[in-house]
Amino acid sequence: MTDRVKIFDTTLRDGEQAPGFSMSAGQKLAMAEALEGLRVDVIEAGFAAASPGDFEGIKAIAEMVTEATVCSLARCNEGDIRASGEAIKPARSGRIHTFIATSPLHREFKLKMDKDEIVRRAIAAIELARQYTDDVEFSCEDAIRTERDYLKRVVEAAIQAGASTINIPDTVGYTTPEEITDLFQFLTTEVEGADDVIFSAHCHDDLGLAVANSLAAVRGGARQVECALNGIGERAGNCAMEEVVMALRTRRDFFGIDTRVRTEGIYGASKLLAAITGNAVPRNKAIVGKNAFAHESGIHQHGVLANRETYEIMKPEHVGVSTDNLVLGKHSGRAALKNRAEKLGFTLSDNQLQSIFVAFKELADAKKEVFDSDIEALVLGEAVGSVGPWEIESLYVSAGSDEHRMPKATVALKHKDGRTQTHVSEMAGPMNAVFDAISRITDTPMTLEHYAVTSVSGGEDAMAEATVRVATEFETYQGRGASTDTVLASARAYLDVINRVERRTVRQASIAAQH
Ligand code: MN
């Protein structure tokens, strides 16, 4: 048994497949880079057979990642296994993760297969997967609700067939800590061949127990935990990676085992994921929430000033939360910006630094002091990758309480093909007018589902960050924009969505043209 817990990150598979969390290929690649920077052991990059886009996404990640193992999910059938095998081919270290349901409910109503048939399918899939890689993981879907003797039989057959990781998922988030500890103890001691494989836990948070159950599985002998950043995933989500990692580290005295995660990168990676998917992290979220290291009450502040450990069990800097909030200004140079971004957990390529530096100079001209949170917003804005084809040429809005005049927005947009178009909209609300003008110029009808503006940093000249969620006829998109001007930030967020829709349409048209 290994002396540490492997972190199997499924942000890009289980997380990405949850409604409202889908990412483009480029965004998945940026997230994979962040996960590699965190030193997770395995990146589950997608489900190769799901779509050509998934396949290409996994392949691109396999080509880029050098340290972590890159994994693709596959059902126990030939097409899925072969697609996964091809997708992970470029990886330095590649894994196929194949699964089949084993519980009575799934056997009878979903698969309509008997016990023997399922064992046969599992064996055939694992043997085929082994033709592509030595690193094969097998999951008994809905393992928690599977009869123990049958679970043991399937697992033994899987080990015999060549699986080296055995995953025992709580697919429906049903188990409790005591129960799962006991199950892992049973499997790691009773299963023939148990010493030669790693047992893995995959817990869902339907009862809010995913992290507790994953830790309990480790107590029972699990040496791999499947988890996702910010706890994203199907339904209530997966075990939150930042929580399980920091629990093992902070309570090493209790668990006696750790991971190899570079925890200083956690906060940056969490922020990046939130920006890319447009799903903000709740303020009170453990480890990565805005309040996780804030001390507001007088008694707490007094204690922390005397000795931080009175109310802090972890150091904020250990998860990459900056506490010194150094200020940069318009005379700060490229090196200072790069250094600051790195302190905040972001690694910038020369190209990224160049474009962020330009935005930084503009911002430093608009406001005197540039705080860490401003820099974070610039980096995330760049990472979200909202480049063209449309950009805002000019924007003017009038609004107020004069009942004889409607709020009015005059918007001019420039397309990268050179044309500029202007539209004037009068609507009941000023933001409605802005969004309407953008929709009309770009000929993209959309329904606004959610719109929020928050202040990125303190002070009168603080930067505003706007997020929108918008539905088109076919899909829901999230957009983000930042500026010292609230209206401009909002317009940018809306245009971010328009650009995503247009890029997607262009991509689909080019795929269609190939056929
Ligand atoms: Mn799952």
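Just so it is clear, glycine is given a Cβ too, placed from its N, Cα and C backbone atoms.
What you see is a predicted model, and the numbers here were worked out from it, not measured in a lab.
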TrEMBL has His202, His204, Asn238 down as binding Mn(2+); which of Asp14, Asp41, Asp402, Asp417 does it also list for that site?
Asp14
Here the binding-site residues are His202, His204; the one whose Cβ sees the most other Cβ atoms within 10 Å is His202
Other same-chain residues whose Cβ falls within 8 Å of the Cβ centroid of Asp14, His202, His204, Asn238, the recorded Mn(2+) site, in sequence order:
Thr10, Pro169, Thr171, Cys203, Ala210, Glu226, Cys227, Ala228, Gly233, Glu234, Gly237, Cys239
Please work out the number of neighbouring Cβ atoms within 10 Å of the Cβ of Asp14 (Mn(2+) binding site), leaving out its own Cβ.
24
Give the sequence-ordered list of residues that share a chain with Asn238 (Mn(2+) binding site), lie 6 or more positions from it, and have CB atoms under 8 Å from its CB.
Thr10, Asp14, Gly15, His202, Cys203, His204, Asp205, Ala210, Glu226, Cys227, Ala228, Gly231, Ile232
